[in-house]
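Asks: Okay, here's the structure, questions in a sec.
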Amino acid sequence: MKTFVNIFLGFFIFESVGAVPITDTVTYDSEFYDVSLGELPHPFVSAENDQSDQVETEIGTAIPSIIQESYSSAPLTEEPEEEASTPKLIDGSSAQGSGVLVPQTQDGLPTCLLCTCLGTTVYCDDRELDAVPPLPKNTMYFYSRYNRIRKINKNDFANLNNLKRIDLTANLISEIHEDAFRRLPQLLELVLRDNRIRQLPELPSTLTLIDISNNRLGRKGIRNEAFKDLHELQHLYITDNNLDHVPLPLPESLQALHLQNNNIQEMHEDTFCKMRDFSYVRRALEDIRLDGNPINLSKTPYAYMCLPRLPVGNLI
């Protein structure tokens, strides 16, 4: 009996399994990677279905949403590439411009392209310039050495209220306007050596250093009391000129006076000291150079009594 039952159950299970419909499964194929989802074959679509249009509509609306969740990814967003930062030239003619590139030379070039501008310093050395170029208003230090500048005009340094140093070494300067430097409120150092200057103009009282060596200054080249009101002056260099006297009076602040290689022939006892005040000591003036002049310093010993050091020069 048990054998009959087992045979019956086995036959029933075999028939049930054979009755289950076999369906094709959809597997991922790289060929369909670039095909739109709407073109993929759907397992439930029958070629013999009379309502194919309706089925295609349902496939295009409902089914792809499921497939998209499995295979599609969020669209890639390209991050904007950072452009390389390039220094921009500021047009000083605009309201926001700093004025650095506004001044132009006679050739029509901005000064800071012809010369070298580093911060508030302008270097125009050895540029074959025949005139002082227009300078940015914030210029503090100006160097124009080894050029061909012949004349300093009244307005060459006009409105440069921050200018502290001017160096015009080794040019061909023979003429300087009387007011070329006088109105510079912060000028500290003026270097005019190795030129052809015959007359020293009026100078601002703020100067601490003056170098007019190797020029053509004679008896009338420096006016009387030219340095009297320069109360901050510390260094005065007038070597290699044609002076026949020491320019007086000299400010009390003076520390170094170089007058080598001139034509100074005499020295007064009150040139450096106060003959009526034997207690007077001129402590600041420690460096006096008179060598290269036709003068015998030993003839005027009382002229140096107030000095901390004797001048350098001929004693015979």
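In case you wondered, yes, glycine gets a Cβ from its N, Cα and C as well.
Copied straight from Swiss-Prot:
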SIGNAL    1-23  signal peptide
CARBOHYD  S98  O-linked glycosylation site
DOMAIN    100-137  domain 'LRRNT'
DISULFID  C112-C124  disulfide bond
REPEAT    138-159  repeat 'LRR 1'
REPEAT    162-183  repeat 'LRR 2'
REPEAT    186-207  repeat 'LRR 3'
REPEAT    232-252  repeat 'LRR 4'
REPEAT    253-274  repeat 'LRR 5'
DISULFID  C273-C306  disulfide bond
REPEAT    284-304  repeat 'LRR 6'
CARBOHYD  N296  N-linked glycosylation site
Asks: Under DSSP, is C112 (disulfide bond) part of a helix or a strand, or is it coil?
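Replies: In three-state terms, C112 (disulfide bond) counts as helix.
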Asks: Under 8 Å, at least 3 Cβ pairs, sequence separation 6 or more: does that hold for the repeat 'LRR 3' (186-207) versus the repeat 'LRR 4' (232-252)?
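Replies: The answer is yes, given that the two segments have at least 3 Cβ pairs within the 8 Å cut-off.
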Asks: Any same-chain residues 6+ apart from C306 (disulfide bond) with CB under 8 Å of its CB? Would you list them in sequence order, or say none?
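Replies: Spatial neighbours, sequence-distant, of C306 (disulfide bond): F272, C273, K274, Y280, V281, R282.
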Asks: Average the per-residue pLDDT over the repeat 'LRR 6' (284-304) and send me the rounded value.
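Replies: Residues in the repeat 'LRR 6' (284-304) carry a mean pLDDT of 94 in this prediction.
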Asks: Using a 10 Å cut-off on Cβ-Cβ distances across all protein chains shown, tell me which of the disulfide-bonded residues (C112, C124, C273) has the largest neighbour count.
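Replies: By the 10 Å Cβ neighbour count, C124 comes out on top.
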Asks: At the Cα level, what's the spacing in Å between C112 (disulfide bond) and the residue listed as 'N-linked glycosylation site', rounded?
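Replies: Roughly 51 Å, rounded to the nearest whole number.
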Asks: How many Å separate the Cα atoms of the residue listed as 'N-linked glycosylation site' and C124 (disulfide bond)?
Replies: 43
Asks: Please spell out the DSSP helix, strand and coil residue counts for the repeat 'LRR 1' (138-159).
Replies: 0 helix, 5 strand, 17 coil
Asks: Around the Cβ of the residue listed as 'N-linked glycosylation site', how many other Cβ atoms lie within 10 Å? Please give the count over every shown protein chain.
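Replies: The answer is 14.
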